[in-house]
Amino acid sequence: MENYCILGNPNVGKTSLFNALTGSYEYIGNWSGVTVEKKVGKLKENVGQLIDLPGTYDLSPISKDETVVTDYLLNDSFSGIINIVDASQLKRNMQLTVQLLELNQPIYIGLNMIDVATKRGIKIDYHKLMKKLKTPIFPVVARTGKGTKHLLGEIKHLGEGYQPHFKINYGEKIEETIKNMCQIIMTETSHDKYQARFIAIQFLLNNMQIANELNSEVVNKLSSLRDQVAEQVEAVSVRREMERIRNHYIETLLQDVVTYPDEDKQYFSSRIDKILTHKYIGMPIFLAIMWLIFQTTFTWIGTPLSDQLDAFIGGTFTDSVKTIMNYLGVIPFLQDLITDGIIAGVGSVLVFVPQIVVLFFFISLLEDSGYMARIAVLMDRIMESFGLSGKSFIPMIIGFGCNVPSIMAARSIENEKERLTTILIAPFMSCSARLPVYALFVGIFFKENQSLVVLSLYVLGIIMAFLVSTVLTKTVLKNDNAIFIVELPTYRVPSIKTLWRSTWEKAKGFVRKAGTFIFGGSVVIWLLSYVGPHGINVNINQSFLHMVGSFFGMLVQPLGFGTWQAGATLVPGFLAKEVIVSSMAIIYSSGDAGLVNVIQNQFTPLSAYAFMIFILLYIPCVSTVAAIRKETYSWKWTALAVAYPLVTAYVLTFIFYQVGHLFV
């Protein structure tokens with residue numbers, strides 16, 4: 001099967017095009033850094049495989065995700081490249097395009113966002129550009145799918161009759177050096193003359209990834225030639241001179257191809273940015289927007305729908321299952337397991353799906369509109385005080401959905417110590433798995449202020465992440481503040497299709513988790529409550545679960561929720577935070593009183609909020625721990641990532657409850 005790779009700058013629509021060409025769905029965000037590892041999909045019509053590579057501005061990598069790109073181009077086999085460029089930022093995008101053309105591999109150029117360019121008054125004669133580059137160009141709007149069908153039909157012809165032809169003349173002295181380098185590379189390696197020229201050019205540009213691919217003897221010879229030509233060129237460095245020549249080539253190339261409107265015209269984005277990124281009112285606006293989202297999720301839409309679903313699962317559905325089991329003569333043990341264990345446990349989590357869907361819809365709306373990238377800029381000013389940059393906030397925002405992709409997104413951070421710091425604080429971001437816990441408790445104890453209480457927990461998670469990052473960056477991970485440079489995407493009206501797919505995929509992941517982790521956890525919790533030292537079908541107060549819960553309940557006694565039931569829910573929370581709610585449903589619903597009544601009797605508003613603080617901050621789930629181990633390659637950092645949140649959660653919850661107890 002033929003392999004084709006898709007490449008481009010960050011946030012030019014690579015993943016949107018990938019989804020359109022393969023019919024699959026990968027996470028899309030209107031900001032840079034969404035793709036951090038290569039993703040493989042099967043092209044429609046069995047054309048071949050398409051590999052979506054992380055966005056990069058240059059083939060000389062400065063972050064882990066960009067290393068994936070260069071490594072793939074050098075070491076993997078592919079039939080051609082699809083280079084997608086932003087038509088509204090064509091000059092900047094051509095920097096990468098020129099480097100890809102220097103590979104002299106079959107290539108198509110996808111001219112994306114032509115709708116945005118047209119709205120800005122930018123006119124592009126792509127036919128003329130195609131003739132100049134001698135490379136096929138396909139205008140597309142990846143977000144809506146316009147033009148992608150034509151591109152798909154042509155991909156199978158990519159490479160047919162291709163003849164390497166692209167070459168930029170870097171001047172007599174540099175060209176002579178490139179020629180000498182090519183001779184060494186072709187003699188010492190298996191690369192042909194076109195690959196050798198590309199390697200020589202990248203080596204002169206100080207691409208360390210290229211140097212790592214060559215043996216030390218070749219590197220020494222090439223370094224000697226690079227040092228020699230550095231003394232001959234009149235520029236500050238060979239790299240600067242080559243970049244100047246390349247920029248001149250691009251300017252000449254686009255001179256009669258692109259027509260821009262008057263520079264005095266102020267775009268809609270610029271006017272809005274002055275308000276939304278204002279250093280004084282930008283943050284209050286963001287908090288107000290988040291409050292509206294939580295108000296909609298927990299008061300106006302989400303909770304009423306969840307109540308209806310809860311009534312159905314706990315009433316009609318459960319009664320129907322019981323009737324069917326009685327009719328079939330199912331043994332009492334299995335009846336109890338299914339109704340009191342599986343349905344009670346899994347159902348108690350599934351009832352929050354409407355709230356999850358509403359929250360994910362609005363988060364996706366903010367992402368696709370381009371607003372979230374502005375928040376990263378806004379937060380950069382604040383995060384500098386805590387030893388981080390705005391680039392760390394992008395993974396943190398992703399963490400509101402799930403901490404695992406949040407940790408993976410840290411690959412886009414160039415500074416290694418900042419990347420590691422971001423990984424260690426990412427679990428403090430309140431992921432969707434914690435939402436059922438919040439929804440349960442705020443619905444019982446804080447009915448009038450549900451959105452404010454949940455918002456306070458999200459803000460608390462961010463504050464704690466900042467405080468911990470301050471400690472880390474001033475001690476074990478001390479580093480200089482990195483400069484945050486980010487391209488602000490154009491504001492756009494989100495695509496209904498994109499919003500639906502994004503919301504559906506996230507909600508589907510939540511439901512899938514209910515059918516695996518939560519199902520398994522519910523069965524185990526119920527069995528532990530059913531079995532004890534004296535046999536089976538024992539009173540829950542004589543069960544193994546009671547024994548385990550009593551031990552942990554004693555440990556958290558000073559935190560305000562020191563019952564054995566609460567203690568028993570904390571242990572399976574390591575598996576997945578949603579299991580906390582399913583465990584409560586099984587434990588608290590085992591008696592005659594309902595779940596809500598028992599929780600009201602065992603918690604107060606103060607201890608309920610203390611419990612939510614502890615759930616927010618204590619150990620990450622097992623999937624997050626695995627992701628931390630994978631990204632840090634260290635058991636030491638992984639152990640720290642498990643231990644310090646537990647200590648932090650205990651200390652902060654203790655202080656909150658004990659101080660609060662003095663006033664309540």
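Cβ coordinates are placed from backbone N, Cα and C, and glycine is handled just like the others.
Now, the feature entries from Swiss-Prot:
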type: BINDING; residues: G8, N9, P10, N11, V12, G13, K14, T15; note: GTP 1 binding site
type: BINDING; residues: G33, V34, T35, V36, E37; note: GTP 2 binding site
type: BINDING; residues: D52, L53, P54, G55; note: GTP 3 binding site
type: DOMAIN; residues: 1-161; note: domain 'FeoB-type G'
type: TRANSMEM; residues: 281-301; note: transmembrane segment
type: TRANSMEM; residues: 342-362; note: transmembrane segment
type: TRANSMEM; residues: 382-402; note: transmembrane segment
type: TRANSMEM; residues: 425-445; note: transmembrane segment
type: TRANSMEM; residues: 452-472; note: transmembrane segment
type: TRANSMEM; residues: 516-536; note: transmembrane segment
type: TRANSMEM; residues: 544-564; note: transmembrane segment
type: TRANSMEM; residues: 567-587; note: transmembrane segment
type: TRANSMEM; residues: 608-628; note: transmembrane segment
type: TRANSMEM; residues: 637-657; note: transmembrane segment
Interface check, the transmembrane segment (567-587) with the transmembrane segment (342-362), three or more C-beta pairs under 8 A: yes
Euclidean distance between Cα atoms of E37 (GTP 2 binding site) and K14 (GTP 1 binding site), Å: 13
Candidates D52, L53, G55 (binding-site residues) - the one closest to G8 (GTP 1 binding site) by CA: G55
Intrachain residues whose Cβ lies under 8 Å of the transmembrane segment (544-564), provided they are six or more past its termini: 525, 528-529, 531-533, 570-571, 587, 602-604, 606-607, 610-611, 614, 650, 653-654, 657-658, 661
Candidate with the highest Cβ count within 10 Å, taken from the binding-site residues P10, G13: G13
Within 10 angstroms of D52 (GTP 3 binding site), Cα basis - binding-site residues out of N9, T15, E37: T15, E37
The transmembrane segment (608-628) versus listed stretches 342-362, 452-472, 516-536: most Cβ pairs under 8 Å: 452-472
Cβ pairs under 8 Å between the transmembrane segment (342-362) and the transmembrane segment (452-472), at least three: no
Proximal residue to P10 (GTP 1 binding site) among binding-site residues E37, L53, P54, G55 (C-alpha distance): G55
Spatially closest candidate among E37, L53, P54, G55, the listed binding-site residues, to N9 (GTP 1 binding site) (Cα to Cα): G55
Integer Å distance between the CA atoms belonging to L53 (GTP 3 binding site) and V12 (GTP 1 binding site): 12
G13, T15, E37 screened against P54 (GTP 3 binding site), Cα within 10 Å - retained binding-site residues: T15, E37
Greatest C-beta neighbour count within 10 angstroms, which of the binding-site residues E37, D52: D52
P54 (GTP 3 binding site) - helix vs strand vs coil (DSSP): coil
